[in-house]
Amino acid sequence: MSIRKILQFPDYRLRLLSKPIKIINKKTKKIIYDMFDTMYANNGIGLAAPQINILKQIIVISSLKPTMSELVLINPVILKKNKKYINTIEGCLSIPKKTAKIKRSSCIKIQAINTYGKSFTLTAKSLLSICIQHEIDHLIGKLFIDYIN
């Protein structure tokens, strides 16, 4: 597969809205493979398609712990957010060398589609919850620095 160029802030394309995926075909799967290659080549734990200048609602997340598989989230939607928040230090492949303390929901429930076109729900806690929220923000043109007061 291919390693793609990651858009860097303040590139205006990072602020654009992504469109839902209608059909999962070979082209979609190639984008997903390229996203994983790009994420790992840049030592990331998550990547959203807009970061590689593809305005589609696709997110990939690495296996954050040995018992977890890699995740592909197509057209993800947050169904529920826990009212308990956690503050963590976040960074972003599109904003290198910058981190900030960000407040995120500690637990979320999402709905998404997998690479086989099947809808599923997932409850995510801790780091996975934070990572998913961060990547979903990319799909709506929002960056972690937007949360800094």
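Start at 1 and count along the chain as shown; that gives each residue its number.
Positions of Cβ are set from backbone N, Cα and C atoms, glycine also.
Per Swiss-Prot, the features are:
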ACT_SITE  Glu135  active site
BINDING   Cys92, His134, His138  Fe cation binding site
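On the structure: features taken from Swiss-Prot.
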{"residue": "Cys92", "record": "Fe cation binding site", "Cβ contacts under 8 Å, 6 or more apart": "Phe9, Lys98, His134, Leu143, Phe144"}
{"residue": "Glu135", "record": "active site", "Cβ contacts under 8 Å, 6 or more apart": "Gly46, Leu47, Ala48, Ile59, Ile61, Leu73"}
{"residue": "His138", "record": "Fe cation binding site", "Cβ contacts under 8 Å, 6 or more apart": "Leu14, Ser18, Ala48, Pro50, Gln51, Ile59, Ser94"}
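Residues Cys92, His134, His138 make up the record's Fe cation site, and a Cβ search at 8 Å around their centroid adds Gly46, Ala48, Gln51, Glu90, Leu93, Ser94, Glu135, Asp137, Leu143, Phe144 from the same chain. Secondary structure at His138 (Fe cation binding site), taken from DSSP and collapsed to helix, strand or coil, is helix.
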